[in-house]
Amino acid sequence: MNGTEGPNFYVPMSNKTGVVRSPFDYPQYYLAEPWQYSALAAYMFLLILLGLPINFMTLFVTIQHKKLRTPLNYILLNLVFANHFMVLCGFTVTMYTSMHGYFIFGPTGCYIEGFFATLGGEVALWSLVVLAVERYIVVCKPMANFRFGENHAIMGVAFTWIMALSCAAPPLFGWSRYIPEGMQCSCGVDYYTLKPEVNNESFVIYMFIVHFTIPLIVIFFCYGRLLCTVKEAAAQQQESLTTQKAEKEVTRMVVIMVVFFLICWVPYAYVAFYIFTHQGSNFGPVFMTVPAFFAKSSAIYNPVIYIVLNKQFRNCLITTLCCGKNPFGDEDGSSAATSKTEASSVSSSQVSPA
């Protein structure tokens, strides 16, 4: 084995020289230089500095402006709330531990941080699944003129949290475990060992199939069918130009969110899968640390995409920041500026573009 396994940790370094110590008790500066840990702490501080105000303002503006509280926006806000949750409960811990060079909060703190990080990431993934299914049903119309209403949105939100908990909670109850990963400053599911005492192998397989592969298959299927339908409708002029534009704009926003999610999380999933399928292979701590910390940036881009691509939300945000007045004269979002996201909550003939 090219790593050192303890009762509640796995350090990716052989202990032949006797320098390996528990990542809960000692700085891990034999894994990387102190400046590298400082760089991780600075990176997490930057994510917190950006993530807290962006996610908070997105939630606050939506609560303040009633017209933004549409059914589809419930799912988008659920995603933003999950990101805010990750920043508050996960990023702050990781920044502090990186400053010290080891996971200073002990095994219990590792379980808590790992749980919150996994929960937030899974809520984001399943929210994108719900958005993909909603786009497929509304645009492709496999269920005729289905209306995505408030009850459907609430059920969708509940579904995302149930699925996320079914992934994040088992390690808390003895199926697998959370351990420090990479440079030992943040915690995640144990991909490093088989650990038969906690049936770790079966959990990792379950996680990759149910909570990564299946969601991606659903997302790709929905958007594959959606793109075909949009092209057919445009060619046959089955929908009005305003309807087509509104549906395309909503779809574009969600597709961009999916693409960025994949950019952030696929490298982490690939590295984790490689480590799991190559037990005991030789890899450095940075090999897992870089994709793990890069994946954390996903908490920033979703609200940014939402703000940039949703004209009505931008108008409401400007109105809020300017104390109720929009200096650009589009204060309340005129009737011509109906939200793109409302396209999914009304019938096609009622949709107007943003």
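Note: Cβ is positioned from N, Cα and C throughout, glycine not excepted.
Record features, source Swiss-Prot:
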- 334-354: compositional bias 'Low complexity' (COMPBIAS)
- C110-C187: disulfide bond (DISULFID)
- N2: N-linked glycosylation site (CARBOHYD)
- N15: N-linked glycosylation site (CARBOHYD)
- C322: S-palmitoyl cysteine (LIPID)
- C323: S-palmitoyl cysteine (LIPID)
- K296: N6-(retinylidene)lysine (MOD_RES)
- 331-354: region 'Disordered' (REGION)
- 1-36: topological domain 'Extracellular' (TOPO_DOM)
- 62-73: topological domain 'Cytoplasmic' (TOPO_DOM)
- 97-110: topological domain 'Extracellular' (TOPO_DOM)
- 134-152: topological domain 'Cytoplasmic' (TOPO_DOM)
- 174-202: topological domain 'Extracellular' (TOPO_DOM)
- 225-252: topological domain 'Cytoplasmic' (TOPO_DOM)
- 275-286: topological domain 'Extracellular' (TOPO_DOM)
- 309-354: topological domain 'Cytoplasmic' (TOPO_DOM)
- 37-61: transmembrane segment (TRANSMEM)
- 74-96: transmembrane segment (TRANSMEM)
- 111-133: transmembrane segment (TRANSMEM)
- 153-173: transmembrane segment (TRANSMEM)
- 203-224: transmembrane segment (TRANSMEM)
- 253-274: transmembrane segment (TRANSMEM)
- 287-308: transmembrane segment (TRANSMEM)
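Feature map: annotations from Swiss-Prot on the structure.
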residue: N2; record: N-linked glycosylation site; contacts (Cβ under 8 Å, 6+ apart): P12, M13, S14, G280, S281, N282, F283
residue: N15; record: N-linked glycosylation site; contacts (Cβ under 8 Å, 6+ apart): T4
residue: C110; record: disulfide bond; contacts (Cβ under 8 Å, 6+ apart): N8, F24, F103, Y178, I179, P180, C187
residue: K296; record: N6-(retinylidene)lysine; contacts (Cβ under 8 Å, 6+ apart): M44, L47, M86, G90, F91, T94, A117
residue: C322; record: S-palmitoyl cysteine; contacts (Cβ under 8 Å, 6+ apart): none
residue: C323; record: S-palmitoyl cysteine; contacts (Cβ under 8 Å, 6+ apart): none
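Across 37-61, 74-96, 111-133, 153-173, 203-224, the stretch most heavily in contact with the transmembrane segment (287-308), judged by Cβ pairs under 8 Å, is 37-61.
Contact count against the transmembrane segment (253-274) (Cβ pairs under 8 Å) is highest for 111-133, out of 111-133, 153-173, 203-224. Sorting each residue of the topological domain 'Extracellular' (174-202) by its DSSP state yields 6 helix, 8 strand, 15 coil. Proximity of distant same-chain residues to the topological domain 'Extracellular' (174-202), defined by a Cβ-Cβ separation under 8 Å and at least 6 residues beyond the stretch ends, is recorded for 3, 5, 8-12, 23-24, 28, 31-32, 36-37, 40, 90, 93-94, 97-98, 101-103, 110-111, 113-115, 117-118, 272-273, 275-276, 279, 285-290, 292-293. Of all the Cβ atoms in the protein chains shown, 32 others lie within 10 Å of the Cβ of C187 (disulfide bond). Classification of C110 (disulfide bond) by DSSP places it within a helix.
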